[in-house]
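> Dumping what TrEMBL says about this protein:
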SIGNAL    1-27  signal peptide
DOMAIN    28-323  domain 'Plant heme peroxidase family profile'
DISULFID  CYS38-CYS118  disulfide bond
SITE      ARG65  site 'Transition state stabilizer'
ACT_SITE  HIS69  active site, proton acceptor
BINDING   ASP70, VAL73, GLY75, ASP77, SER79, GLU91  Ca(2+) 1 binding site
DISULFID  CYS71-CYS76  disulfide bond
DISULFID  CYS124-CYS319  disulfide bond
BINDING   PRO166  substrate binding site
BINDING   HIS196  heme b binding site
BINDING   THR197, ASP243, THR246, ASP251  Ca(2+) 2 binding site
DISULFID  CYS203-CYS228  disulfide bond
Amino acid sequence: MASSFSRFSQTLLLLVVFWGITSSSNAQLSTDYYSKSCPNLFSTVKFTVHSAIMNEARMGASLLRLFFHDCFVNGCDGSLLLDDTSSFTGEKNAVPNRNSARGFDVIDDIKSAVESVCPGVVSCADILAIAARDSVKILGGPNWDVKLGRRDARSASQAAANNGIPAPTSNLNRLISRFNALGLSTRDLVALSGAHTIGQARCTSFRARIYNESNIDLSFAKTKQSNCPRSSGSGDNNLSPLDIQTPTYFDNKYFNNLIGKRGLLHSDQELFNGGSTDSIVRAYSKNPSSFSSDFVTAMIKMGDISPLTGSKGEIRKNCRRVN
């Protein structure tokens, strides 16, 4: 009897240790992580984000996108922000980011402001997470408590960025597969894609769709063609809003666009093209509160992807380079 109890105790101990190991990274993220070490963090970040968006409404979408592109490459570790060095080629010039990712100067401004009130305390990875939340809220979207406690990577990988961020030409299976690989469900995929209710895309990202695809509203395609020439190399950087109805307001109109075959990117329209996600798109188009709730859930899940915590990584003094 004593022997059986001993074996039971040992098994229970092993299970507790295993649980602690597997859950430790997310357990170390918390919404009050800086409550004592940097009590003015949120107001400091929000002031700079608000100023940037008032100066250019598009910047909100750009800051939100930085968080996506950071988390999808080796986790939410601020690696996207690193400039190239002699020892590694960073992510800024990877195909999904080159001439596209923007807002780095705003992150620099936020970091500088935060360093002035809490030097050496707050990571660049966490600043990205807070700036993304603030951008959504300022542009009319939902609010949520951001989990914090991430540390910054000491390296970056252009190859990982090229392979990890879904291209705008991705089909539905590719999108689902990539999101699932990061622990994000198909519903998370659709909800997070709703971030395209704000922001703009370059002609080079949607040229093939507006000239070659059939599941597109003809008047919508012709309107887009007027600012995006058919020939590659001509007007590649011309911009068009991802949401033609309310391009600078965070709402559920993006999903109405998809139902009307007015998704700008191929990957957008794939979410409503006779596949498994059609029903989710329909639901979000009819129920904005359901979309907002699921978007918040998905953003928090995405922010949990492989954070560096504890003694891993560092707290960068300058988001563009390692200490």
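Using N, Cα and C of the backbone, Cβ positions are placed for all residues, glycine too.
Describe the structural surroundings of these features, if you would.
For CYS118 (disulfide bond), the same-chain residues lying six or more positions away in sequence with a CB closer than 8 A to its CB are TYR34, SER37, CYS38, ASN40, LEU41.
Here HIS69 (active site, proton acceptor) comes close to LEU80, GLU91, PRO96, ASN97, ALA101, ALA161, ILE165: these same-chain residues lie at least six apart in sequence, with C-beta atoms under 8 angstroms from its C-beta.
With a 10 A radius on its CB, VAL73 (Ca(2+) 1 binding site) counts 28 other CB atoms from all the protein chains.
Using a 10 Å radius centred on the Cβ of CYS76 (disulfide bond) and all shown protein chains, the other Cβ atoms total 28.
When other Cβ atoms within 10 Å of the Cβ of CYS124 (disulfide bond) are tallied across all protein chains shown, the result is 29.
When other Cβ atoms within 10 Å of the Cβ of HIS196 (heme b binding site) are tallied across all protein chains shown, the result is 25.
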> Which are the residues of the chain, THR197, ASP243, THR246, ASP251 excluded, whose CB is within 8 A of where the CB atoms of the Ca(2+) 2 site average out, their centroid?
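So the extra residues in range turn out to be ILE198, GLN245, PRO247, TYR249, PHE250, ASN252, LYS253, TYR254.
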> Which has the fewest other CB atoms in a 10 Å radius around its CB: ASP70, ASP77, GLU91, ASP243, ASP251, the listed binding-site residues?
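Relative to the other binding-site residues in ASP70, ASP77, GLU91, ASP243, ASP251, ASP251 has the fewest Cβ atoms within 10 Å.
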> If you count CB neighbours within 10 Å, which one among the binding-site residues SER79, THR197, THR246 has the smallest count?
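Checked SER79, THR197, THR246; of these binding-site residues, fewest Cβ neighbours within 10 Å: THR246.
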> Which of the recorded positions CYS76, CYS124, PRO166, ASP251 has its Cα closest in space to the Cα of ASP70 (Ca(2+) 1 binding site)?
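Closest by Cα distance to ASP70 (Ca(2+) 1 binding site) among the recorded positions CYS76, CYS124, PRO166, ASP251: CYS76.
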> Count the other Cβ atoms sitting within 10 Å of the Cβ of CYS203 (disulfide bond), across every protein chain shown.
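Excluding its own Cβ, the number within 10 Å is 20.
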> Just checking the recorded positions CYS228, THR246, ASP251: which sit within 10 A of ASP77 (Ca(2+) 1 binding site), CA to CA?
none
